[in-house]
Every structure is written in structure tokens, then in C-alpha cells.
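Engineer: Copying in the features that TrEMBL gives for the protein in this structure:
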| type | residues | note |
| --- | --- | --- |
| ACT_SITE | 94 | active site, proton donor |
| DISULFID | 51-112 | disulfide bond |
| DISULFID | 217-253 | disulfide bond |
| DOMAIN | 162-172 | domain 'Glycoside hydrolase family 19 catalytic' |
| SIGNAL | 1-26 | signal peptide |
């Protein structure tokens, strides 16, 4: 009888441990930070007149994020929140529909656009949250996601899950000599001596350098480039405030040399 009782106690203890582990895992999910109400609040104007951002749904984001286990789940709570603020800051700039006197401010209008307004490299112009551009990026993303994006680049603008997957793929993937934005925001990247000499240090500013540093970073950038980089910071600050996390160091990239520059 006592053996049966002991077995039952051990079984219950094991079940409790498994349940606790499952609960801890659930807490690590992106959805524990970017809840449906938070998503709606962050991107509240995406479906307004003149925007096409109703295309971007919360369910599509969560489904896409679930395919990248480290995304928004790496590090402590502050690190996770800061990475997600950075991701939405960069992608909101890429898809912005804001202007200086816009209702709720210029940084409340992320995810307004699905397709690039001035198509720079048709048919491989910008689409989706990261505005995936150029044939080589469509090829690499397609290979990683097992999709024929070279043959059908507009899939990124037709399927919101695919759109978010391409954005998160870009965020998570290093393209040498550039590290991934994910590694930068989670502290997994360490600058080399060359990086330090170029002013490329960990922080949100380096993610701008990774995405569009040739136009927006460094002392030789144009006025428009500097304005765009400032816009990225504006979105990031807004989301850091909404997610209750500090900005961290090195938000800007004006003192950083672009990669290859």
C-alpha cells in the first residue's frame, strides 16, 4: 500500500514539474509581451483610410513568430521587450504612413504600407513589414522558408503570415559581415576591433546600420538619410515606452561607418 502511495506522490510531483515547465515556457512566448490589445494599440492606424495595413493581423504575426523560437524569447524580460520594441520600431519605419502633424503623432502610423510606394527594383521591390527588396533577398528568404519567392514575389504582399515570416527571417539572419539584428539586440553579438574602430557598437543604432546603413548612417549621410534614421529612433522610443523598457545604449547610427563604407 505504501509503495502505491509513494508512486502516486512521485507521479503527482512529476506532473507538477512538467506543468510548471510548460507554464514557464508559455511565459516566454512572444504573445506574453505582444498581446492582442498591445498589438492593436501599437499599430492602431494601420487600417485607416489611405493605409493598407489591415492586411497585417495579430494572428499572422503570432503564427509567423512561432516558427522562429529565439525571436522575442531570448534573454531576460527586459531584453525580450527591448528586442520586440526594436523589431517593431524598424518595421514600422519601413511601412510608415505617418507625417509630422498626424493624429496621435508621426510614430503612431506604423504598418500602414504593404508594398513600397516608389518601386526601386521591380518586380523585387519592397513588400511586407521589412519591405523585403532585391532578388537576392527574395531568393535567400524563399530558400529559408521553403517558398518560391523569386517566382512569386507578390506572395509576400498576399499572405500576411508569409509577410511576417520574411521580416522575422531578415531580423534573425546574419549576412556577413553584418550580424543579425536579433544577435545585436539580445547581446549575442560582440564587436570586433574593426567594428569598434568604425563606431559600430551594440544597440538599436546598429540595427539601422544593418538594414540601411549605406544611406542612413555615418557622417557622410544625406539630410534625407539622417531624417530617416531619426524616424526609426522615434518609433523605437514610442514602443519602448509602451512595452515599459529602457532604450539601451547607442540608439543612433550617425557616428557609425556603414558596412562596406
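Using the three backbone atoms N, Cα and C, a Cβ is placed for every residue, glycine included.
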Engineer: Is the domain 'Glycoside hydrolase family 19 catalytic' (162-172) packed against any residues at least 6 beyond its ends, judged by a Cβ distance under 8 Å, and which are they?
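Structural biologist: The answer is 55-56, 60-61, 63-65, 67-68, 70-71, 87, 90-91, 114, 127-130, 132, 137, 141, 144-145, 147, 149, 155-156, 180-182.
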Engineer: Over all shown protein chains, what is the count of other CB atoms within 10 A of the CB belonging to residue 94 (active site, proton donor)?
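Structural biologist: There are 24 of them.
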Engineer: Which value does the mean pLDDT take for the domain 'Glycoside hydrolase family 19 catalytic' (162-172) in this predicted structure?
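Structural biologist: That region's mean pLDDT is 98.
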Engineer: By DSSP assignment, list the helix, strand and coil residue numbers for the domain 'Glycoside hydrolase family 19 catalytic' (162-172), in that order.
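Structural biologist: Going by DSSP assignments, the domain 'Glycoside hydrolase family 19 catalytic' (162-172) contains 11 helix, 0 strand, 0 coil.
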Engineer: Determine the Cβ neighbour count for residue 51 (disulfide bond): the number of other Cβ atoms within 10 Å of its Cβ.
Structural biologist: 21
Engineer: Pop the Cα-Cα gap between residue 94 (active site, proton donor) and residue 112 (disulfide bond) into the table, whole Å please.
Structural biologist: 9
Engineer: Taking just the CA atoms, what is the gap between residue 94 (active site, proton donor) and residue 51 (disulfide bond) in Å?
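Structural biologist: Answer for this pair: 13 Å between alpha carbons.
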Engineer: About how far apart, in whole Å, are the alpha carbons (Cα) of residue 51 (disulfide bond) and residue 217 (disulfide bond)?
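Structural biologist: Residue 51 (disulfide bond) to residue 217 (disulfide bond), Cα-Cα distance: 28 Å.
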Engineer: Write out the long-range same-chain contacts of residue 253 (disulfide bond), meaning residues 6 or more apart in sequence whose Cβ is under 8 Å from its Cβ.
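Structural biologist: Looking at Cβ-Cβ distances below 8 Å from residue 253 (disulfide bond), excluding near sequence neighbours, one finds 205, 206, 208, 209, 213, 216, 217, 218, 229.
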Engineer: Other than its own, how many Cβ atoms are within 10 Å of the Cβ belonging to residue 112 (disulfide bond)?
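Structural biologist: There are 21 of them.
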